[in-house]
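Remarks on the structure that follows.
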Amino acid sequence: MIPVAEFKQFTEQQPAFKVLKPWWDVLAEYITYAMLMIGVFGCTLQVTQDKIICLPNHTSADVVSQITCQEYDQQSPPSNDSDLETTIPPPTATSSPPREMSGLRNNLDLQQYSFINQMCYETALHWYAKYFPYLVVIHTLIFIICGNFWFKFPGTSSKIEHFISILGKCFDSPWTTRALSEVSGESSQEKPSQERSIDRELSKPNFEEGSPATADLPIAEKLVAETSSASVLDKKEGEQAKALFEKVKKFRHHVEEGDLLYSMYMRQTVLKVCKFVLITIYNAVLVGKIHFIVPCSVHTEDMTGYNSFCCNHTKAHLFSKLAITYLCFLGVYGLTCLYTLYWLFRRPLKEYSFRSVREETGIGDIPDVKNDFAFVLHLVDQYDSLYSKRFAVFLSEVSESRLRQLNLNHEWPADKLRQKLQHTPEGRLELHLFKLPGLPDTVFEVAEMESLKLEMVNEALIPPLVSKLVRLEELSLINCTAKVQHASLAYLRDHLRILQVKFDDIKEIPLWIFSLRALEELHLFGWLSQDLSKNPALESLRELKSLKVLTIKSNLSKIPATVADVAGHLQKFSIHNDGTKLLTLNALKRLALVKELELVRCELERIPHAVFSLTNLQVLDLKENTLHTIEEIISLQHCRKLSVLRLWHNQIAYIPEHIRKLKGLEELSLNRNKILVIPSQLFLCNKLRHLDLSNNEIRELPPEIGVLQLLQYLGLSGNFLEDLPNELFFCQKLKTLKLGQNRLGNLSPKVGSLVCLVKLELKGNRMDTLPPELGNCVSLKRSGLTVEPSLFETLPVEVRDKLKED
């Protein structure tokens, strides 16, 4: 016997593959099992029983066509004697009296019969009658291989296994049920008519365990059972759902690129149809070649004495019936293949629309898919459309964002966020969130927060809950794309005062920020296009009715004309141009009310003429430009309110004498230039409180320095001073005196008259001793005295102790 288990390897496959087997494939599979059983049964009979039985024909014949075996059909079956064959003549019209019958003697032994049987089986029996069961087995195995080839082929099986694995996890995920129930609940509030249809589908009645209805509806029951626990999703389940979203994205990107699965399925179906047609034709033609009586002619006279035989094919009757049965099964199998082809070509299987799922669930952003991804979903629908519905949840960005939000809320509770609160230099209580996948809802429970900084937070969505942050004044968006809902924008529009936006791409600038009418400070940091027409972010500032401070750190070639939209209330305007030459500054003339102007790293070679028309200007900062001369400084006398002038980090070689015209100057910063001489006219600016001339090439300090009776800060470090005039110590209000990195050999004892001195820097000079009069500087402490330790030890003990006192 041939054990059927030997054929198990040809039909064995993973049970999970059943979701990709529509009804016609299942029917075809069972038909192949039936055909395989027919073939195996025939092969078993062929191997275990006699194939053919032959008897000699006493009439000699040279060829097979001359052998007449028709009398065997008319005679009764043979007797039990194997060597004798008794023939009974047919009855005649006139009955003759009974007579004794005698058989024919063939004078052949058993070996001769076996030899003749084998010779006639090989030469006289038609090949179809001999190999019919083997052909059935072979053809059936080919059908089985064709039907399951795409489950085994490496290029397709990997995708199928991956898809089935993801599909099962998506179906069983608690997040699937929760997302469907939440969205359906929201949809029911907006669309009562949809509520009834969704409830009828999802809210099936609970059947008792073991009831027949439970067995009939396993998937619906499972959905209902999960709905009861859908409201609770722990952290582990949330992480698993998050991983599923990533897997679905990668799988979709990988599978939608080609149509290998569709092509393989179609080719194997076409191959099955072609094979079906071929097998049907030749079987229908040759089934008549199976005969019960077979004439045989072999040249065996020398061995047996006979050359013609009449043979009986013992299994002919059974094989003919099996062949007809096989053809019937084959016909049904062929019909399933033809229907498969009809299904393949009738419908657009390379496109799959979730329109019905979107309408039913209310999740409106589920995308349609194509190519192989669409094809496998069509197959899944033939098994159970509920799989596609639950799988669609993991294609929705809305669903993913809700899950991300839920995971964020688990990871960042309000107490944990409060631990991250810090004070900014301005004294505000700030919460800094860095590299989060979103904005946790728990942020809006920290009501004491005054400043919120979001750095590299992906897709931050500011919900209406922001209205709970009643103390929120400042918002910082650093490489972060932030979106706001309408209610959120209405609140921010009236409450947000300070906004900072740092971006690498201009698309990261949210356009809603230009509608914040209560905004007082706007700081933009990032690269903008040189063509301002391509900068939609700066198209209009007209809505910023309260803007007082505007800072742009970018690479502008000219000042945006839209700055004029806020000219009526702008008080401070700053441009940090990062080394890009600022060519056009005509727009500055419109900023008549500006009090502070900063043009940093703009590659300016002279003081811009547009500045001189700013009559309300109080602070001018031209840091890190390429100024070589400042002869135009005389025109600054038109800026009558100018009190702070910062020309630091430039290449200025001298100070023009007409600087004396700037009578209102209170701060002058000329540090890090190339100044050699300080003109005495500078000290006619007798309102100076802050004078910084550090890191220049100054060798002498004019005695007129004593005129500056209001001076509180004097920076002369990093020069070539060898001596200090005694008049310097007439500046009784000096609080900070920086003399480090010079060539001073001593410090005048008159330094003791500087009773307000808080900070004194002397490190890097050529002094041997310090005057004991430092003890008279009652405001000076050791922490404010910057000097070498060895030089400090030259002071008397009592002076040192006094300086060390708190």
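Glycine is no exception: its Cβ is also placed from the backbone N, Cα and C atoms.
As recorded in Swiss-Prot, the features of this protein are as follows:
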type     : residues : note
DISULFID : C54-C311 : disulfide bond
REGION   : 72-103   : region 'Disordered'
REGION   : 182-213  : region 'Disordered'
COMPBIAS : 188-207  : compositional bias 'Basic and acidic residues'
REPEAT   : 569-589  : repeat 'LRR 2'
REPEAT   : 710-731  : repeat 'LRR 8'
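Within the repeat 'LRR 8' (710-731), the DSSP-based counts of helix, strand and coil residues read 5 helix, 3 strand, 14 coil. On its own chain, C54 (disulfide bond) has Y113, I116, N117, C120, C296, F309, C310, C311, N312 as residues at least 6 apart in sequence with a Cβ closer than 8 Å to its own Cβ. According to DSSP, the repeat 'LRR 2' (569-589) comprises 4 helix, 6 strand, 11 coil. Its Cβ placed at the centre, C311 (disulfide bond) has 24 other Cβ atoms within 10 Å.
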